[in-house]
Amino acid sequence: MRGRQREIINGTYKRASSKDRLTAQDREDGLGGNDIGKGSGNPPWIRSLPHVIVAALSSFLFGYHLGVVNDTLESISVDLGFHGDTMAEGLVVSTCLGGAFFGSTISGWIADGIGRRRSFQLCAIPMIIGASMSATADGLGGMLLGRFLVGTGMGVSPPVAALYITEVSPAFVRGTYGSFTQIATCLGLICSFFIGIPAKDVSRWWRVCFWVSTVPAALLALLMEFCAESPHWLFKRGRSADAEAEFAKLLGGLHVKSSMAELSKTDRGDEVDGVKLSELFYGRHSRVVFIGSALLALQQFSGINAVFYFSSTVFKSAGVPPDIANMSVGVVNLSGSIVAMILMDKLGRKALLLGSFMGMAMSMGMQAVAGSSLVSGSPVVYLSVGGVLLFVLSFAMGVGPVPGLLLSEIFPGRIRAKAMAICMAVHWVINFFVGKSS
């Protein structure tokens, strides 16, 4: 009995001694003092936050270019000589989507070939060149070529951002950090709406709107030079020492060994096998690829991008000034994304998806009532505008941020980049047809 008590005392002493041997850096990361048990379980989230914020710049650009032609399309068509040509105006929107489809199809091979950091820098190049071409265009051809180049960068960035954030984030905040992409997209949309306000009154202001987008694109390319590379990608390339160094940068020294052990267990053998397309389309991974594609297809079939592309027209018909309408949509979208960020790791992905789809169904019910003969007068306006805003809010709380995050979590590391490329290609195809049919 005394021997057992001695072991307990000695064990307690040893644990206390190990606590005293924590380094100063570990204490800065919140791993010392009374939080030792908690710190050992969860890495410090603050270390990976700057890397996630820089990656989210790509999502800001994504949102900005989605909304930049909303208020400026009319002045663009007047200055470039195709005012009243609905086909040409539609091409200004759809050419960007065509470029995005092309970029998404090659994004997986780029991300696996040159790494996540270089992929961000690579996608920034066509965004800078394309925006500059659009800003200086003197005809429809130059505008369309610029929009196609911008779209190519837009197609590469979303799957790479989802991959990178998933692979550099601690597991316990992965859902929260994954929501940053949706929040950044909302901020990009709001920024494009805000900057586009003078376009109707100031001649050639639309050129300024395109020039502005080159600044965050240049920042993305520059700041990525100082960000960590994905340890998962480095490990797959056989660069274990570099992967350990990046884990130390992202999670702190105490968590390197456990993270490398987990990585070795989950990604074992990834570096020696290539991924064949046949495995993704009709092989053993075809089912999970189908599920991922279906999630993004349902996201687009909801028609959310039709609201962003044509929100000015929709609200104008209800007597709401376009500027107020666009800002309202942006603010509601941002608010829902912030709520999703808070709830993502608390309620889980499935609960948010189900609640989001239910809210969108309710909003469609409001729209149906507004369009029927059951109501007339001012209630029609309230139901129409309220239904659209509820639709955007519900979308932002689940259907918007969850699929991209969920895809990066359900795909095995070996196929993750290429499978996400295929799913995003499906996303852009449906996005194109939804936009054309709206």
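Placement of Cβ uses the backbone N, Cα and C atoms for every residue, glycine included.
TrEMBL lists 17-30 with the feature compositional bias 'Basic and acidic residues'.
For 51-438, the entry in TrEMBL reads domain 'Major facilitator superfamily (MFS) profile'.
The feature region 'Disordered' is assigned by TrEMBL to 15-37.
Marked as transmembrane segment by TrEMBL: 48-67 (among others).
Within the chain carrying the transmembrane segment (87-110), a Cβ under 8 angstroms from the stretch's Cβ atoms is held by residues 65, 69, 73, 76-77, 119, 122-123, 126, 130, 140, 143-144, 147-160, 309, 417-422, 424-425, 427-429, 431-432, 435-436, all 6 or more beyond its ends. Residues annotated as transmembrane segment in TrEMBL: 87-110 (among others).
The feature transmembrane segment is assigned by TrEMBL to 148-165 (among others). Proximity of distant same-chain residues to the transmembrane segment (148-165), defined by a Cβ-Cβ separation under 8 Å and at least 6 residues beyond the stretch ends, is recorded for 51-52, 55-56, 58-59, 61-62, 65, 95-108, 110-111, 116-117, 119-120, 122-127, 129-131, 133-134, 174, 177-178, 180-181, 213, 217, 230, 404-405, 407-408, 416-417, 420-421, 423-424, 428.
If you look up TrEMBL, you'll see 177-199 (among others) marked as transmembrane segment. Long-range neighbours of the transmembrane segment (177-199) within the same chain, counting only residues 6 or more positions beyond its ends whose Cβ lies under 8 Å from a Cβ of the stretch, are 48-49, 52-53, 55-68, 70-72, 74-75, 158, 161-162, 165-166, 169, 205-206, 208-209, 212, 308, 323, 326-327, 329-331, 333-334, 337-338, 340-341, 344, 396, 400-401, 404-405, 408.
Feature annotation from TrEMBL assigns transmembrane segment to 288-312 (among others).
If you look up TrEMBL, you'll see 324-344 (among others) marked as transmembrane segment.
Taken from TrEMBL, the feature transmembrane segment applies to 351-370 (among others).
Per TrEMBL, the feature transmembrane segment maps to 382-407 (among others).
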